[in-house]
Each structure stands twice: as C-alpha cells, then as structure tokens.
C-alpha cells in the first residue's frame, strides 16, 4: 500500500530582491517635528532674553532709588525747606534792588548812594560798593533807575537840561561809559518863580556786563532829586 505524501503548496515569486524597502511619509513627519522644535527653542530664548532685560532695568531702578534715599535729609521739615532753598539758590539769577536814602545825595559830584538792606532793598548775587552795583557773573542784565525830581520855580544856576544816566565802569577803559541817559528841563514847567513842580525820570534797558564791571547812577544837579520812603527813587539790575 503506497504511503500518501502530502506536499505543501509552494509559491515562488521570481523578482529582484536587492531593492531596499522604504516606508512612505516617515521623513516628512521627522522634518516637521524638527522645525517645530527649533521654533519653540527660539521662542523660549526670546522670552528668556526679555526677562533678563526687564530684570536689568528693575535692578537699575532699585539702585537709583537707593541713591536718592541716601541723599535725602533725615532731619525734620526744616531740613527739607533748607534743601529746597539751597536748590533754588543755585537756580536763581543775580538780582538787586536799591532804594534812595537820605545819604544818597553826596553833594560831591559823585554817583548817587543807595540803601542795600532796609525796606525794599536787597542784594542777591551782586555786590555793592560806593554807589556802584558790582557784577559777579558775566551775562546780559536788565538795568534800571528812577529818580524823583522836584523844586520851586526854575533853580538858579541850572543848565538847560537835567541829565540822569546809568554809567559803566570797566577795568578795560579809564573813564565811565554811558549806558542809558535821559535829559529834560524843569524850567519849562515852572511858569513862575514860586510854583512847585514835580517830575520823574526812568531809565531801563538790557546790556551785557562782564564780571568785575560796575554800574552807577548819576544826576547832574542832584539837589533836585527828592527822596521818600524808598519808593520814589531806586536803582537795580537782574540777569536775563
């Protein structure tokens, strides 16, 4: 009896077996993930840089606030007022206002003398010597002067006009230099020898003055100058 032999079915496919097998779509997904990671890294880097810059500015602000606190006075309110006054003193410009006094009329032909402390008079950043305002800081100054004039009739021996002027003394020139001058005649106002007349002369203008230069007021025939409580005749200057 013959043995039955079972033979498996074998299918042989003849073809090229050296072609590599590749899976579609895998490399494209890897490239997309790499780009996303790079973008996320750049975003995190920018956020870190922004936080670092913000921290630096906050640290600078903290240091500056500490410096300001150390400069502030620790005393009472008077210290604050003193600090404010000191700061204002550095900011204000030189100024002076001088008033007429009984000693203004020297009778010697020199410049008029002035009160520097009493009443409305003050000096700030300028000095005073023998009727002259002495400039301590070069610059442009508005200088002014007013004198009250008065008398009875036409004064004997009076020239044709009364001269009221502001003059500058400078080391660079031996004589006084005219800055502002006014001339007027009171005799035209006095129609009779017994009539009382009043008048005033005001001068004001901007001039350039150097440190060390002086400004004085002169009135030819000063016996006509009238003084009263420092409001009728005065002299001053301030930097502009």
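Keep in mind that glycine also has a Cβ here, set from the backbone N, Cα and C atoms.
Sequence annotations record features per position, and here Swiss-Prot assigns topological domain 'Cytoplasmic' to 1-37 based on sequence analysis. Sequence annotations record features per position, and here Swiss-Prot assigns transmembrane segment to 38-58 based on sequence analysis. What Swiss-Prot records for 59-240 is topological domain 'Extracellular', and it gives sequence analysis as the kind of evidence. Annotated domain 'THD' per Swiss-Prot: 94-240, in sequence order, evidence recorded as sequence analysis. Taken from Swiss-Prot, the feature N-linked glycosylation site applies to 102. Among the features that Swiss-Prot reports, disulfide bond is placed at 154-187, with the record citing experimental evidence.
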Secondary structure of residue 187 (disulfide bond) (DSSP, helix/strand/coil): coil
Cβ neighbours of residue 154 (disulfide bond) where a neighbour is any other Cβ within 10 Å: 18
For residue 154 (disulfide bond), what is the secondary structure state per DSSP, taken as helix, strand or coil? coil
When the domain 'THD' (94-240) is classified with DSSP, how many of its residues are helical, how many are strand and how many are coil? 6 helix, 75 strand, 66 coil
Around residue 187 (disulfide bond), how many other C-beta atoms are within 10 angstroms of its C-beta? 16
